[in-house]
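See below for the structure under consideration.
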Amino acid sequence: MQLQFRSWMLAALTLLVVFLIFADISEIEEEIGNSGGRGTIRSAVNSLHSKSNRAEVVINGSSLPAVADRSNESLKHSIQPASSKWRHNQTLSLRIRKQILKFLDAEKDISVLKGTLKPGDIIHYIFDRDSTMNVSQNLYELLPRTSPLKNKHFQTCAIVGNSGVLLNSGCGQEIDTHSFVIRCNLAPVQEYARDVGLKTDLVTMNPSVIQRAFEDLVNATWREKLLQRLHGLNGSILWIPAFMARGGKERVEWVNALILKHHVNVRTAYPSLRLLHAVRGYWLTNKVHIKRPTTGLLMYTLATRFCNQIYLYGFWPFPLDQNQNPVKYHYYDSLKYGYTSQASPHTMPLEFKALKSLHEQGALKLTVGQCDGAT
């Protein structure tokens with residue numbers, strides 16, 4: 001009788017998880033504003049569910065609080081200066097890693113592998129689900145044969161966001177001391193080395209960066225600028241989300257063609273079709289009600305798999321710093337962004353609050369001011 005009762009309880013919990021995940025995916029569908037075919041998203045959900053038991057990030061013995069605050073009230077949640085005591089909580093870090101592994105495995109999900117696709121294969125875009133792309137010969141040639149993170153493990157990892165809070169931080173030297181450095185969206189480093197460092201082991205490149213930072217490669221000058229940036233990576237992993245939306249197809253192909261034509265020394269990676277929904281599912285089941293995870297949150301979630309200690313820099317989604325000084329959205333350009341806009345696909349202040357909670361518990365270290373030794 002006791003065994004039968006346990007079976008019924010397990011079945012009920014399983015149905016609850018399925019219901020919650022499908023509700024979350026329906027929410028994504030409404031945000032994107034598309035209608036029609038659901039095959040691709042449903043298959044991503046099924047894949048996610050196959051790895052997920054409902055797990056919670058433990059903060060002070062309980063799960064992360066559900067947070068809906070999108071105002072600049074989050075500025076009140078200040079971070080202590082770099083010189084303040086911070087101690088790594090290894091027990092919590094390991095627990096988070098195990099929980100995330102129930103949703104995704106960064107070693108596998110960081111990239112689709114060559115053996116899983118062939119030229120001409122049809123892929124449904126993650127967000128434009130009624131649109132498809134064919135795997136091109138160039139894309140196929142650049143798919144890795146094995147995971148670029150296979151059997152990799154690092155003592156310390158730095159994830160460098162792009163907030164203007166990095167300016168005058170003097171964090172460059174500290175960032176470069178870490179075992180593995182992750183950067184976002186091909187952000188420039190040479191001219192900002194004192195504040196952001198130079199070392200790069202993995203850098204992401206959303207297709208929109210080609211439009212915004214390299215003028216859609218409209219002429220030879222812009223193509224040369226992109227080539228210089230790519231050559232500067234010098235063997236790093238270039239992580240290109242090629243399967244997100246239809247609008248990025250041409251830009252991904254342009255970059256792939258340049259890499260092959262000029263024999264650029266990079267290791268390309270193209271994230272799995274299930275990764276984004278798996279990451280979102282993990283945070284949602286921990287009561288962090290994000291919309292679409294930012295690149296920074298994606299990178300943190302992946303890094304828990306292969307990094308013992310994780311240090312975040314340049315994560316600050318507010319227009320003012322802790323001293324009420326203006327902060328640029330990006331340290332390297334004049335782009336404006338509505339952090340609390342309902343139209344934004346991201347919920348950056350909410351993500352920050354979750355990361356700050358983890359910082360306070362020692363699961364990661366979040367630096368938002370000057371680094372030790374900065375002058």
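Backbone N, Cα and C define each Cβ position, glycine as well.
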Requested in this report: According to Swiss-Prot, Cys371 takes part in a disulfide bond; indicate which of Cys157, Cys171 is its partner.
Outcome: Cys171
Requested in this report: Given that Swiss-Prot annotates Asn185, Thr294, Thr295, Gly296, Trp316, Tyr329, His330 as binding CMP-N-acetyl-beta-neuraminate, state which candidate in Asn162, Asn168, Asn286, Asn308 belongs to that site as well.
Outcome: Asn162
Requested in this report: Scan Cys157, Cys184 and flag the one Swiss-Prot records as disulfide-linked to Cys307.
Outcome: Cys157
Report summary line: Cα nearest Asn162 (CMP-N-acetyl-beta-neuraminate binding site) among recorded positions (Asn134, Asn219, Cys307, Cys371) -> Cys371
Query raised in the report: What three-state secondary structure does DSSP assign to Cys307 (disulfide bond)?
Result: strand
Query raised in the report: Based on Cα coordinates, which of the following recorded positions are within 10 Å of Asn185 (CMP-N-acetyl-beta-neuraminate binding site): Asn134, Asn219, Asn234, Cys307?
Result: none
**Report entry** Between Tyr329 (CMP-N-acetyl-beta-neuraminate binding site) and Asn234 (N-linked glycosylation site), the C-alpha gap once rounded to whole angstrom
**Finding:** 27
Query - Integer Cα-Cα distance in angstrom, His330 (CMP-N-acetyl-beta-neuraminate binding site) to Asn89 (N-linked glycosylation site) - result: 31
Query raised in the report: Any idea which of the binding-site residues Trp316, Tyr329 has the thinnest Cβ neighbourhood at 10 Å?
Result: Tyr329
Query - Cβ-based neighbourhood (8 Å from the centroid) of the CMP-N-acetyl-beta-neuraminate site, residues Asn162, Asn185, Thr294, Thr295, Gly296, Trp316, Tyr329, His330 excluded - result: Gly161, Ser163, Cys184, Gly314, Phe315
